[in-house]
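What follows is a short report on a single structure.
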Amino acid sequence: MTQTRLHFTTGKIEAERIFAALELAFEDEGLPIAVLEVDEDQDIHEVSLYADGDVDTVEARVKDILAGLALSKPVEREVLPDIDWVARSLEGLKPVRAGRFFVHGAHDRRKRHSGELAIEIEAGLAFGTGHHGTTSGCLEMLEKVVRREHPRNALDLGTGSAVLAIAVAKLAHIPVLATDIDPVAVKVAAANARLNHVKALIETVTAPGFHHPIFGRRAPFDLIVANILARPLMRLAPQMAGHIALGGSIVLSGILERQRDAVISAYVGQNFRHVRTLYREGWVTIHLKH
């Protein structure tokens with residue numbers, strides 16, 4: 001999908017205020033936001049927001065935010081070339097080891113050690129290569145949970161590349177439902193499941209949250225993993241409680257360290273209890289039981 005960069009210049013102090021406001025406003029969408037120093041002597045900083053889909057609506061929201069800060073800036077657009085940045089970045093990435101898991105691209109197949117569970121991720125347009133602190137944290141946590149609890153029916157909500165669904169399938173040899181709101185991600189997930197020889201265990205479905213008939217047929221789950229963002233995770237707490245089996249576990253990530261307590265509180269309010277937290281690169285992975 002073609003991406004558009006919305007950008008404007010301002011001073012450093014204003015740029016920091018704007019960045020904080022944009023980050024808060026677009027947290028649910030997960031739109032990338034950046035501030036670049038253009039000229040230190042002249043105090044010129046460029047603020048950029050990267051959008052796809054309805055760019056007009058995003059630009060209007062940006063202008064409303066600027067107006068709310070009593071700032072008026074001409075917002076410019078730059079249409080970026082349609083490049084598969086995940087594919088390009090994977091070309092130079094080293095494999096990742098997280099617990100027993102070895103996540104790699106095709107170019108590193110031979111680097112697997114004896115006893116490791118290898119997951120090969122085809123370069124694609126879906127998030128989740130194992131290199132991000134949230135994904136590696138989830139892999140480590142899943143190994144602990146599966147080893148101790150022996151789940152029989154799992155859900156990977158917001159599957160992205162399906163790296164976590166594949167991890168559960170390989171580790172526990174159980175059926176896994178892998179869902180995502182993005183149909184492109186679902187196609188990538190299915191391809192990666194085939195590539196890793198677990199397609200028979202992983203069912204991939206395009207679904208926003210829990211809004212799909214498949215959940216009525218497959219629930220309750222005794223293991224749910226969701227590596228998305230803190231605010232959507234908090235909103236999903238009641239639905240998580242409605243789809244988890246009694247005594248089941250959920251593994252949550254995509255959460256900044258400063259967001260940890262708020263996420264845990266949302267789930268404690270739905271009769272979950274906190275088991276443990278893993279900290280990785282400023283992010284946390286949380287294990288809770290129902």
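Just so you know, glycine gets a Cβ as well, placed from its N, Cα and C.
What you are looking at is a predicted structure, and each value in this text was computed from that prediction instead of being measured.
Here is what Swiss-Prot records for this protein:
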- Thr135, Gly158, Asp180, Asn227: S-adenosyl-L-methionine binding site (BINDING)
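Within the set Thr135, Gly158, Asp180, Asn227 that the record links to S-adenosyl-L-methionine, no two Cα atoms are more than 16 Å apart, and one pair reaches that distance. The Cβ of Gly158 (S-adenosyl-L-methionine binding site) lies under 8 Å from the Cβ of Thr179, Asp180, Ile181, Ala226, Asn227, Ile228, each of these being in the same chain and 6 or more residues away along the sequence.
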